[in-house]
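Quick look at what TrEMBL lists:
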type: DOMAIN; residues: B:35-156; note: domain 'Acyl-CoA dehydrogenase/oxidase N-terminal'
type: DOMAIN; residues: B:161-270; note: domain 'Acyl-CoA oxidase/dehydrogenase middle'
type: DOMAIN; residues: B:283-449; note: domain 'Acyl-CoA dehydrogenase/oxidase C-terminal'
type: DOMAIN; residues: B:468-589; note: domain 'Acetyl-CoA dehydrogenase-like C-terminal'
There are 2 protein chains.
Amino acid sequence: MTYRAPLKDMLFVMNELADLNAVSQMPGYEEATPDTAQAVLEEAARFNEEVVAPLNRAGDLDPSSWKDGVVTTTPGFRDAFRQFGEGGWQGVLHPSDFGGQGLPKLVATPCIEMLNSANLSFALCPLLTDGAIEALLTAGTDEQKAVILPKLIAGEWTGTMNLTEPQAGSDLAAVRTRAEPQGDGTFKLFGTKIFITYGEHDMAKNIVHLVLARTPSAPEGVKGISLFVVPKFLVNPDGTTGARNDVHCVSIEHKLGIKASPTAVLQFGDHGGAIGTLVGEENRGLEYMFIMMNAARFAVGMQGIAVSERAYQHAVAYARDRVQSRPVDGSAREAVTIIHHPDVKRMLMTMRALIEGARAVAYVAAAASDAAHQHPDEATRRENQAFYEFMVPVVKGWSTELSIDVTSLGVQVHGGMGFIEETGAAQYYRDARILPIYEGTTAIQANDLVGRKTVRDGGAVARAICAKIAETEAALGQHGGAAFVAVQGQLKRGREALEAVVRFVVENAKGDPNAVFAGSVPYLKLCGIVFSGWQLGRAMLAADAKRGEDPSFYDAKIATAHFFGEHILSQATSLRDAIVAGAEPVKAMSVDQF
Amino acid sequence: MTYRAPLKDMLFVMNELADLNAVSQMPGYEEATPDTAQAVLEEAARFNEEVVAPLNRAGDLDPSSWKDGVVTTTPGFRDAFRQFGEGGWQGVLHPSDFGGQGLPKLVATPCIEMLNSANLSFALCPLLTDGAIEALLTAGTDEQKAVILPKLIAGEWTGTMNLTEPQAGSDLAAVRTRAEPQGDGTFKLFGTKIFITYGEHDMAKNIVHLVLARTPSAPEGVKGISLFVVPKFLVNPDGTTGARNDVHCVSIEHKLGIKASPTAVLQFGDHGGAIGTLVGEENRGLEYMFIMMNAARFAVGMQGIAVSERAYQHAVAYARDRVQSRPVDGSAREAVTIIHHPDVKRMLMTMRALIEGARAVAYVAAAASDAAHQHPDEATRRENQAFYEFMVPVVKGWSTELSIDVTSLGVQVHGGMGFIEETGAAQYYRDARILPIYEGTTAIQANDLVGRKTVRDGGAVARAICAKIAETEAALGQHGGAAFVAVQGQLKRGREALEAVVRFVVENAKGDPNAVFAGSVPYLKLCGIVFSGWQLGRAMLAADAKRGEDPSFYDAKIATAHFFGEHILSQATSLRDAIVAGAEPVKAMSVDQF
C-alpha cells in the first residue's frame, strides 16, 4: 500500500471553500495563483509519494536509536531530508528574504498534510523547525535572523522546542532551567528538558534548540520565563559552526508510536554550561513560545488529518481487495469484496466524512491566516485574525481527537489482519495516539478555546461564526433537495446547540469555572463537529453547482456531506447536554470517590 | 500500579441489580448464596491480584515466542496456570460431574472479569478452554466427555477453537479443511487454520483442538461443516496420552497487543493426516461451534469491561499522584494533583460510567442465563433465554467498542507519559484493540442482533425490554430528585429512540437490507447505551435506598448514573438519526466513489 496525495480533494477545498483566488489577489501572494498552487501541490505529491512515504513502515520497524549520546535515525531518513531541503520544502511558507518561497499558508497547508500522510515521524522534524523559524522571525535579533534563518529554511539545520521538564508538562510556570548571563551577551544554561522531538539526530549539520529558561533576576511563574537559542554546535557570525555546545542527549524514549521520531531527554550544562543567546526580551519567552506553539498546534492538527487520510486509503485498498461473504441484499451468489458490505461502507464513510470536514475547516482557517497577514484592509485583517485564532485550538484538538477514531476504524475494516503489525494499519493507530497530547493536550486546547477565545470577548467571535453558519443553512434550504434540507436541519440544530453552549460558557466562566471547564473538551468537540458540518454544507452546495463537470466526484461530495449531517453533526445536541447539564455530576463527585 | 478487584462494585451489581439472591434459590444453585459468592470473589481477587496481575507487563515485554514449532510462553505463565488449575478456577462454571464447581454464571462472571483485568493475554487460554468445554458438554460423545472434560476442567489440558482459514474469516461457508473417514471411527484432517489463540504453548500437557472441517460427502456452504476433536497428543481411553498428532504450529503472529497470548498458524495433516474424532453429528459443526462462540462472545465482552477497569484504575492512580497546574477555581495557589482538574474528572467519570453501565448489563444478562437454565418455571426459562440471547451481541459488541475509548482516555489522562511504553497505559490501549474484532467483529455481532435477535421475532423481545425500561423511567420520575428526573428524561428519549429504530429495522430488513445493515452497528451501540442507562438508572434507585449505609459509595453511584445520562445516554437520538436517516448517503455512495 502506497500513499496517493488526494490532490483533487485538496484543490476542491482550496478553490471552492477557502477561496484561493481571493488569497492570490492579496499583496505579496500574487504568484500563488490557482495554477501555480496546483503545480506546487503536484510536485509535493510526487516527492512525498515517492521519497517520503516508502520510509514510513521502515521507521516503525527500525526506529531511531541512541548510543553514547548519538542518535541514529532510520536508514533513508537522512537522504530524504537532504532532498526535502534541496527541494525547498522547508521554505514553502517562509519569507523569500531568508531563502523561502513565501507562499500563502493556504498553499503550504496541503504540502504539510502530504508530508505528514507520507510519514508522521519524518514530518515532525520540519514541523518543529517551522516553529523555530516562526519564533526567530518574530523576536530574533538581526544576527540570529541573518545567521540562523537561512540555514533552517534551507533544511541544512533543524530546530527544536524545549519546554517540558520532568515537573513541568502543561504547566510552564514550573519551568526550572536556569540561564546565567556571562556579561558578554551570552548566557550559560543549566537544566533538563524532556520530550524533545528530534532533540538529537543525524539528519542535519546543526540543531538549533529554542529553550525556555529563567534568568537569575526573573520573577516566579510564567512571567519569569525567557527564550534562548542554544545551538548544538556554536555558530560563528559567518554561519560556520564551531565547538560542540554543552547540550547532550542522555536518552530517547521507548514509545507507543512515531518511533522513528527521536524523543530526547536533553541535559543542558552538565559540563560547564550550555551557551545560548537571548531571543527578544528577557521574561517574554512564553509569548514568543506561543508563536511557535500556535504554528505548531495548527500543524499538529494537520497531522491528525494526514494520518487519518493515510489510514483511510489503506482501509479502502484492503476493502477493495478482500473477498468475504455474500452481499446482504442477495445481489450475488458468491462472496464479494468487503467494500460492498454496508457496514464496511459506513466505516469508510465515517472516516472520509471526518477527514473531509476537518480538512475543510483547517484550510479555511489557513486562508484566514493569510488574509490576517496580507489583506489590504485593516478591519478585514483583524476579523480574519480573530477567526483564525478561534480556529487554532479547534483544528488542533478536533483533528487530532478524530484521528484516534479514524485510525481505529482503519484497523477495524481490516478485521483480524488489522491487529497484525505486518498489515500496517496498526501503525497509524499507534502513531496517532500522541497527537491529542503533544503541543498541548486537548484539554489545554479547550482551556484556550474557553478562556482566550470565547470568554475574553464575551463570545463575540463565536456568535459571528454562528451567524455565518446560519447563512449556509439558508442556502441549503433554498436549494431544497432532500439531502440538502436534511443537512440544513442538522446544521441548524448543531448551530443552536453551539449558541446555547457559548451562552453557558460566557455566563458561567467566572462564577462557576468548575462547571465550565468540565465541559471544555465537549465544547471543543462541538465546535469541531459544527464547523465541519458547516464547511461540508458549503461543500455540497459548491459540488452541486459544479456537478456536471464530474458527476461521480461531486456526487460523492454531496453524499459525504449528507452522511456527516446524519451520523456526526447529529451528535451536537448530546454534546450540548453534556456541557450544560453534565457538569453537575462531575462537580458532585469528590476526588476521593474515584 | 497493581490491580485491585472492585469487589464492592461487583457485589453491588450482583445483589442489587442482578438479584443473586433469586438465582441462589433456583434448583442446583442452592450453594451460591450471597455469602458464598462473596467468599468466592474474595478468593478470586486474591489469586488474580497476587499471582496473575503482576505478569501482565512481563507478558508484553517478553511475549510468547516460536522456535521450530515450539511455543514458549512468558516466564511465570506456566506456573500461574498450574495454580489456576489447582485452585479450581477453570471449573467455576462447569458441572461437578466432571470436577467443576457448578456455580451460576452470575458468580463466574466477576471471576472472569477479574482474571481478564489481571491479564488479558493469560486469561485467553481459560477463555478458549471454556468454549471447548461447552461444546463437548453439548455435543461430545460419552467417551469424549468422560476422557477429555475432566482434564480440561482441572486445567491440566487446554482447548482451542479452529475456525478461521486464510480465505475464511467471518465467512465460515468458505472453510476448506478436509476430514477423511478412516473406517475405524476416526478421521484424518488436512488443512491450515490461522489466528488460533493458544494453538500451541507450554502451559499444559495436552491441547484439545476443536476444528471445523468438511467430510468428503459434505454439501457446500455452512451446512457441510462438521466439528472434530483433534488433540495435540493422541488420547487413550484411560485418559493417558500417546503419540504426537500431525498438527503443527508453523508460526505465531506479531501483533499490536495481547502479545503474551500466542496466535498460531496450525497446519493439520502435513505428515500423513491429523487424527480426529467427530463431535456430535456430521454437518452440524456450525451449530456446535455457535455454542462455543456464544459462551466466548459473552466472555470477550467481559474482556472489554475488564481491560477498561484496569485502565481506569491505572489512570486514577496517576491522576492522584501527578501534580500539575493550579485549580481553575483559584481554590489553591499551588499546583494540585491533576485529579482536581475538571477535565481529568470528566475523563475519569466517562471511563467509570461506561464500565459500570456495561458491567451491570453483563451481570444482569448472566443472571438471565442462569434463570434460563435453572428456573423451575418453563415460561420464565424461555423468557430469560430470549433476553440473554438478545444481550449476547450487545455485551460482546458494546463492551469491546467502549474499551477502545476507555483505554484511549486512560492514555490521555497520563498526558505525554501515556505515550511512553514504560508507563503501562499504552499496553491496555494496544491490547484492547483486538476485542471488537475476534470472536466475531462488531459488525458480525450487529448482524446477529438485527437478524436472529430482532427481525426473526418481529422485534418482540426488543419491545419487551423497552417496556421494562419504561418501568424504570417511572420509578425515577416517582423519586423526583433532580438527578433522578434528569436521568429519567434521558432514558425516556433513549428508549423512544430505540423503539423507533426497532420499528425501522423490523419494517425494512426484508425490503431494504442495505439500509438496515448500514445502521446495524449504530443499532448495537444504541442498545448498549440505552441498556447501560437503564441499569444505571436502576443502580441509582438502589443506591438511594441504601445510601445511609455508606453515603460516599452510594452517592458516587448516583453521580455516575447522572453523568452517564447527560454525557452518554444523550447520544441516543444521534444514533437514531444515523440509523433511520443516515442509510441514504451510504447507499448513494457507490464502491468506486471511495
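Even glycines carry a Cβ here, placed using N, Cα and C.
Whatever TrEMBL says is automated annotation, not expert-curated.
Broken down by DSSP into helix, strand and coil, the domain 'Acetyl-CoA dehydrogenase-like C-terminal' (B:468-589) contains 111 helix, 0 strand, 11 coil. Broken down with DSSP, the domain 'Acyl-CoA oxidase/dehydrogenase middle' (B:161-270) shows 7 helix, 55 strand, 48 coil. Look at the domain 'Acyl-CoA dehydrogenase/oxidase N-terminal' (B:35-156): DSSP puts its residues at 89 helix, 6 strand, 27 coil.
Across the residues of the domain 'Acyl-CoA dehydrogenase/oxidase N-terminal' (B:35-156), the predicted structure has a mean pLDDT of 97.
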